[in-house]
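As given in Swiss-Prot:
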BINDING   Gly36, Lys37, Ser38, Gly39, Ala40, Gly41, Lys42, Ser43  ATP 1 binding site
BINDING   Gly292, Pro293, Ser294, Gly295, Val296, Gly297, Lys298, Thr299  ATP 2 binding site
DOMAIN    4-244  domain 'ABC transporter 1'
DOMAIN    255-547  domain 'ABC transporter 2'
Amino acid sequence: MITVKVKNLTKKYGDFKALDKVSFEAKKGEILGIVGKSGAGKSTLIRILRGSLDYDEGEVEILGRKDNFKEITAIHLQRNFALWAEPVINNIIRKLYAIRNNADEQLPLEEEWEEYEKTAIEILKLVGLEHKKDAFANILSGGEKQRLILGRQIAKIYEKGEGVLLLDEPATMACPASKQKLLDVIKNIRDKLGITVIITSHLPEIHRYLCDRLILLENGKVKMDGDVEEVLNEFLKKMKPPYKRTPNIKDNAIIQVRNVSKRYYVVHGGETLNLRNVSFDVKEGEILSIIGPSGVGKTVIMRLMAGLELPDEGKIIVDGIDITNYGWERIELRKRIGIMHQEFSLPYYQTVENLLKYRLGLKGEKAIAHAKAKAEELGLSPKIVDALYQLIDVPESERISKLQKMGLTEDIIYKLFPPVVESFEPEEILEALDLGKDILKKKVIELSGGQKVRVAMALQLITKPKILFLDEPFGDLDPITLRDVANYLKIINERFGTTIVLVSHCVEFIKEISDRAILLDENRLVMEGNPEEVCEEFIRRSNARFMKEELKCKN
């Protein structure tokens, strides 16, 4: 039985065709995958199938309907955590109440509770969360929250007994263990409910594990439709070969982490992190990767090394400076550090040149000299100035939040550290990132997805940092673009001697780029050494069957 019919579907944004005469069908009980590079039109297609985006030409029919698709589809989006801060089962019951009564999400009356609870437990079984029914949603892990959201979304399909599940890049940012659980849940939902599932992803391993059939979208057109392996081979044809880097690792440790411990405790939530006695070195010129399951403390360790947080115990020496001690030495050190966070954003209407000059000036000698004079004039201690200066390296939302708590705005940073540019010579960095000088006059809104990633890298590299920290900023890139990024990073390391420390869940990326890797698990450092061996141990501990099957395909 055909459940989804798409014929000559075209969607335009101005003169740009996001989708161009797209046609395909999907059968009941089929898991249909859609693959393509970033910007190929995958998410646009999913939004049209959901009924949340109009189209210009063509026909779309789902379960015999040509409109009101929201009534017969469920959608699961990447990084969407809208949940009630109540027990898990309440989140499902509220959704069921809204569906059955065409009302707001409320809890039913006491006499109705048992009937709602029975259905809610069956839905929780589908997503593997029945054992968590009484836990509060806000203390679930990221992967568990993803599955709870999926449970809420499929409630309508469960109630109606039919529907189509739409998945847009599910679990892209999840660790292998969380990803495995979500993939198994998707299979379970298809098997138990017998519904059609349409999934977009740029990750070949997800399509290999889940899909019965695969469509390749390229520049808004269907380039290929058929066997999963054949379509993936076509998709990956354009991947460049890996750059052969000549390592230049020095004997001295540019970062020393000694007996570092860090604990987080949440009221009503209990202990969320308890890293204990972590010690390791990073040699100058080395590319070191940190790997481990979600919530183990990878980002925390990176933030500690970058001086954005302080350890509860232990010491961290970065380029000869104790980064746990606030003061002018630490401020000077920050000039030699660059950091890219998991979610980076660029202001749409700024030119690349302005962004680069601004960043260069903010970390320049004159800005720091001005801060020293201004601090003396205002009677500010070096500790306060340092605490403010470190905010230039945190994500924008965190910076604004911390300043608001102090009753300040971002103006205070720029008054202390005015971005004065003495000389602007970006050519070397641009060339290493394969960006022409014409990029400088372009606004962010005019850039392609790949260009935005490289400009974000250039912002951190324009100051020629000795150390570059990367906290999973490339987790949602397609494998073709990710190979390009790996090559650029190896070139940067080779040409400028930049020490790179990165956090990633992508084992292929880690194996390709790293000199050494460390594995965090069970609140401690459990393995350190050869990236291939560390990644194999990570996969073993994660019980990630989809990755084991992927390795078999490659071998």
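Along the chain as shown, residues are numbered 1 onward.
From the backbone N, Cα and C atoms, a Cβ is placed for every residue, glycine too.
Projection of Swiss-Prot feature records onto the structure.
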| residue | record | DSSP (3 states) |
| --- | --- | --- |
| Gly36 | ATP 1 binding site | coil |
| Gly41 | ATP 1 binding site | coil |
| Gly292 | ATP 2 binding site | coil |
| Gly297 | ATP 2 binding site | coil |
Message: Given the binding-site residues Gly36, Ser38, Gly39, Lys42, find the one whose Cα is closest in space to the Cα of Gly297 (ATP 2 binding site).
response: Ser38
Query: Taking the centroid of the Cβ atoms of Gly292, Pro293, Ser294, Gly295, Val296, Gly297, Lys298, Thr299 as the ATP 2 site, which other residues of that chain lie with their Cβ within 8 Å of it, listed in sequence order?
result: Cys175, Leu520
Query: How many neighbouring Cβ atoms, not counting its own, are there within 10 Å of the Cβ of Gly41 (ATP 1 binding site)?
result: 25
Query: Given Thr299 (ATP 2 binding site) and Gly36 (ATP 1 binding site), what distance in Å do their CA atoms have, once rounded to a whole number?
result: 29
Field: Per-residue Cβ crowding (10 Å cut-off), top of binding-site residues Lys37, Lys42
entry: Lys42
- request: To the nearest whole angstrom, state the Cα distance for the pair Gly36 (ATP 1 binding site) and Val296 (ATP 2 binding site).
  value: 31
Message: Quick check for the class: what is the C-alpha distance, in angstrom and rounded, between Lys37 (ATP 1 binding site) and Gly292 (ATP 2 binding site)?
response: 27
Task: Show which residues of the chain containing Gly295 (ATP 2 binding site), separated from it by at least 6 in sequence, have their CB under 8 Å from its CB.
output: Ser141, Gly142, Thr272, Leu273
Message: Suppose you look only at the domain 'ABC transporter 1' (4-244); what would the mean pLDDT be?
response: 93
Task: Among the binding-site residues listed here (Gly36, Gly39, Gly292, Pro293, Gly297), identify the one with the smallest other-Cβ count within 10 Å.
output: Gly39
